[in-house]
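K.L.:
One structure coming up, written as structure tokens, with questions to follow.
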């Protein structure tokens, strides 16, 4: 048995790279979306053991493939969601499979023929779905372990025909690994059994029958070689049964739920079901023979049902079985090497395909090109074996080499071009529509691709065509409804949802529908309820729809979640809490549910319980953005300093997740203000303002921070920016007026601020009172008295206003008794200028008046002003945020 040379490895590797290098430009499409983009189990935040204990993806029909998921996690660890790295990994795996396949072919074919088989396998276009589609990695990994297990088993017979147990043990381990990559990996056990009986032991079918007849007649016991064979096979079969039992436990003894749209023949009556499923065998064989028209989705109406024995397609079925029977008959009847090659080729074709054949149990598809990855190995062996016979005939040698060269070239070109179809979902599904226009799912998927581009008008045309191709397709009508909603056509959207709802099974009290209603179809109730609950008068109707969905599938988690949101909107807090608690009984690992429950707790004025539930959400998802933000906000608003460090840590984590959200930085600033960390507070507030120009709360609190830190001069430009964006900001005007009056001694500017407040809100007590103080500062006591009287009328219970009015009146009485004017010249001048802006005193007279005042008089005036301010008290400062 020749080994594989480095030249052959380089040849195969170069050919694989040449055919598939353009797949690195492709994105995540079709099933990749649920398995990669939407799969949270790939993230490092999900514990490894937890991710390996789950199903492959939400759409995988309870497929358990932990080793495949593990490789996806490795990809995510190194490149996150960079599609090129995932595709590169697949290309490398395909290259490894090709080399291992060449090694297997050397067991049955000569050096040249085995290389031809491996080259054909490397370039066959049927493999594009397995190699270029990222989720096809399950096929690639399973094939590697399957071939390795088979190669290990071939070494289980010693030179003296004794049993060598270490290769058998290794085979069992590799079979388990193949099965943990994809379920079909377990079929290698059958291939090993065929190899053991018909190749290693050299039996033919007539010899087996003869041996069995002699044993049954009591003429002779089992030969020693047969006993050895039986012992090895028993070990393999027991191992297989253990793997099957474990697999059944994983899916909890339940088969996955399929609909008639996934596999129409599966729900068809006899004989339609049997005729159709048997016809699918020649369809798959034809794809191997002539992979010119490939399609990513063969469900729904792609292949019409074979409903009669008179259907001409039954001839294809008969031809396929006749040819297969002919090959099996001749390969099992004779002992020569050619027969052994054919029997092994047939075992690689038939056994790995059985789980996907629909013959023994239904699967979630009609035809799937990726499941032909392993069966194509047997096909390639048959082609190479035929090439060997033809090429050994002198007059056909050149022709056979020419034909195999043309075949490899055309297949390589087809594979390369087919890769471009997988570039995006739009290109993939439009290419499929060129092959088959009778599949409503394809029309729907093109619509989805356009919908993801926000091209709703074009998407609607494809969705409507899907309803015409398959009028009873619930999903298509749901898509139409959703698109009408996106186009703001609520009436048309509701009509489409009602059509979809009418296609659902009628609700019968006490009847369970879980086994025949696809979970995604139940979303019609959710979507319709979500649409009509925008109308406040139809909330009860929406609630009834949620209850209908729950009655049809009591484990429908999304229905409880949506109903909880509705009940929260209806202020039915206890019922909302109960809905979320019921959803949590179904899925306690859902961080969003714990978050929603915490929001209900906040509405029920139970902050301690809310914080507990926020913490549950963060235990499950430490980077849950909404839980981080709202729990930190709850801690901050509690006013308890013991919570501040943890609140600060959560806000910091939040801004790592949302670095462009100004609210996170603002709340970090507020926490720093509470902790008197002024430098940090200023830094966070400025960061928030830089991200959101005119951020109202951040600007005001930054100004307030400066004011409290005796940096009033720095506060003024911040207040100016605040008032430029929000000229109606009353607290900002009050703070600015306070600074202008008490620190800049700019009574005119302060007066302007307070008058602006009163123009916006004549009943604003604080603005009115502060204006009164300005009048007092201007020594216009009568006006101050009148102003305070008006303020007291607005707020008769405010004691400080009454006290200040009493002080002003006492001052006025004292000045009258002393014969002093109640309005100073300065105040009169200010009043005159205010009333007649164009009128002013003579400049020389003004200079004289100023010069006429002694230094002592000026000091006395300042002392009196300070005393007056002390008696009136300082203007109240704004100590809280907006």
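Heads up, residue numbers simply count up from 1 along the chain you see.
Backbone N, Cα and C define each Cβ position, glycine as well.
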K.L.:
Do you know which of 134-153, 254-273, 274-293 TrEMBL annotates as transmembrane segment?
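P.N.:
Based on what TrEMBL states, transmembrane segment spans 134-153.
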K.L.:
For which of the residue intervals 51-70, 111-130, 371-390, 391-410 does TrEMBL record transmembrane segment?
P.N.:
371-390
K.L.:
Quick check for me: are there 3+ Cβ pairs below 8 Å between the transmembrane segment (186-209) and the transmembrane segment (9-30), leaving out pairs under 6 residues apart?
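P.N.:
Output no: the transmembrane segment (186-209) is apart from the transmembrane segment (9-30).
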K.L.:
Determine how many residues of the domain 'DUF1736' (253-324) DSSP places in helix, in strand and in coil.
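P.N.:
The breakdown for the domain 'DUF1736' (253-324) reads 34 helix, 0 strand, 38 coil.
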K.L.:
Near the transmembrane segment (371-390), which residues from the same chain, at least 6 beyond its ends, have a CB less than 8 A from one of its CBs?
P.N.:
101, 104-105, 108-110, 112-114, 116-118, 120-121, 124, 126-127, 130, 136, 139-140, 142-143, 146, 184, 187, 284, 287-288, 338, 341-342, 344-350, 352-353, 356, 396, 399-400, 404
K.L.:
Where DSSP helix means H, G or I and strand means E or B, what are the helix, strand and coil counts for the repeat 'TPR' (440-473)?
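P.N.:
Looking at the repeat 'TPR' (440-473) with DSSP, the answer is 27 helix, 0 strand, 7 coil.
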K.L.:
Where else in the chain does the repeat 'TPR' (440-473) make close Cβ contacts, counting only residues six or more beyond its ends and a cut-off under 8 Å?
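P.N.:
Beyond its ends, the repeat 'TPR' (440-473) has Cβ neighbours at 30, 261, 295, 297, 299-301, 424-426, 428-430, 432-433, 479-480, 483-484, 486-487, 503.
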K.L.:
For the transmembrane segment (342-365), could you work out the same-chain residues 6 or more beyond its ends whose Cβ comes under 8 Å from its Cβ atoms?
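P.N.:
Apart from its flanks, the transmembrane segment (342-365) reaches 61, 107-108, 146, 183-184, 187-188, 190-191, 194-195, 198-199, 255-256, 258, 262-263, 265-266, 277-278, 280-281, 284, 298-299, 324, 327-328, 330-332, 371-372, 374-375, 377-379, 381-382, 385.
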